[in-house]
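These notes concern the structure reproduced below.
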Amino acid sequence: MVENERLRQEMRRCEAELQELRAKPLGPCPGCEHSQESAQLRDKLSQLQLEMAESKGMLSELNLEVQQKTDRLAEVELRLKDCLAEKAQEEERLSRRLRDSHETIASLRAQSPPVKYVIKTVEVESPKTKQALSESQARNQHLQEQVAMQRQVLKEMEQQLQSSHQLTARLRAQIAMYESELERAHGQMLEEMQSLEEDKNRAIEEAFARAQVEMKAVHENLAGVRTNLLTLQPALRTLTNDYNGLKRQVRGFPLLLQEALRSVKAEIGQAIEEVNSNNQELLRKYRRELQLRKKCHNELVRLKGNIRVIARVRPVTKEDGEGPEATNAVTFDADDDSIIHLLHKGKPVSFELDKVFSPHASQQDVFQEVQALITSCIDGFNVCIFAYGQTGAGKTYTMEGTPENPGINQRALQLLFSEVQEKASDWEYTITVSAAEIYNEVLRDLLGKEPQEKLEIRLCPDGSGQLYVPGLTEFQVQSVDDINKVFEFGHTNRTTEFTNLNEHSSRSHALLIVTVRGVDCSTGLRTTGKLNLVDLAGSERVGKSGAEGSRLREAQHINKSLSALGDVIAALRSRQGHVPFRNSKLTYLLQDSLSGDSKTLMVVQVSPVEKNTSETLYSLKFAERVRSVELGPGLRRAELGSWSSQEHLEWEPACQMPQPSARAHSAPSSGTSSRPGSIRRKLQPSA
């Protein structure tokens, strides 16, 4: 096929050459050496013509320059004439002034002796004569000053005259120099024009002579080409026959090619479908295995008693501003909802937690994740849920929410009431609520009559090792309306302030303590479970928040207590013998929730914007450290008989084996947050 194609191309070329020769029998043959030389000569002639055009352009430029210099010379001559005329006028004026000055000097000299004589003769005359003498002296002094001034003016005029002479000489020298330059340029221009004309004539003659020689050689070569064409005609006939045979063979080739392409496309499509089905099956198996692995991991974490950690990313708001600092720096894994990626200083950092909620997640989505943990409170377990993160990250919104879209606190109590009503036929439950806050390392009762009263954390005097807060008010709630009243009453006393980072920044750690006591009507088994909901105050940088005065003192106490919480987590993670719970009121109050017999969950709130990446990185690193802490399996608190009985029955939820008695938790560990200003409601504490 390649050889046939080459022969067809050669046949076409020969036919084209034959047609050109028939159309132009006297023209030069293509590809001839003489034709190339003739073309080179033509190019050279064109180049010479271009050079001649450039020389003409240069000549016109030189003429223009000569004309400009001539104009400048005429202008200089006019200026010189004007200067000479002005100089003559000035000389004439100075001469007149000089003559006047000489005449004045001569007249003054002529008048001087009589004045001196008068001065000498007046000395012995009367006072009138003395007065006339003084006037004459003054006049003489004035005349002398005028003479000095005239001499000075005369001297200046002479200097000006001398400078005018010098200027005239310089101008004449410049004129002579310009004239010489003009003559030299004119001569050079004439010489260049003459040389260019000679070169042009010489090149034209040489080109014409070479062209005649080349045309003669071309005519001779043309005769040889015609002879060669006569010998090529039999070969052309052979090529034509071969071409016709190839054409007949190629006519059936497209049908064979289309059939082959259809079969290949069908095979490729079938292979692609098989690969896609295999990929879908592998993806389905991978996701199923991922869910199974996560389920097994969560069960292992529950058995070990690890603190479960979930993260929630708040949306970007208008308070974050605009520009590069307000861009989103947080991304999520499409296949694994426990992975979060953070772009910090241009480097991606990944974290693995128990669950990650994107900014599109609703309050209900977050609550469903903690719902099972909250219901275990009814069965007699101690449960602690606390929100951690920088100020303005959305902790209070997650824990409390809004009246239209409540958070974990109110949804938890509603769930407890729903569960209690379902078990009302077999169990009798009592739910009590307490609320407190830690403000500037001072524990205060948010539901008491004196919210500013300081409270202390004590050990129970019965020797059980439990913690409790003497004087902390408890309200018994029986409906959702009671919950709303308690929340509103607590909101009134919660401490919030305005900062640069958050318009309603919580300035204290809020704790909501829900105690659920139940009695099995058939067996008399009594259970006591506590749900501690904690809204931690946000960590903040003083430089960003703009805190001053009392706000600065609040920020220092907040950061100190959060630092103490970090020390406790580090000690628990490394299994140290001493855990510094007493370094802060916050950690001391959370001791029961972090000491091993409570189910604990942390919600870490992070901001997605670029300007908060440093705080987000710190919060996620702290969350990973918290997630690795093993507290041990939670213990169920149940007893037979009356509430005061000391014979407790404890079961481990995973193994269902009896365990030694553990101390009960009485310390509150959670709270709510809101703005001050609500009207306090009159609520009666439960008996």
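Every residue, even glycine, has its Cβ placed from backbone N, Cα and C.
TrEMBL does not curate its annotations; it predicts them automatically.
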Matching range for TrEMBL feature annotation, coiled coil, among 265-292, 461-488, 629-656 = 265-292
Residues from the same chain, set at least six apart from the ends of the coiled coil (265-292), whose C-beta lies under 8 A from its own = 335-336
Mind looking up the mean pLDDT for the domain 'Kinesin motor' (306-629) in the predicted model?
-> 84
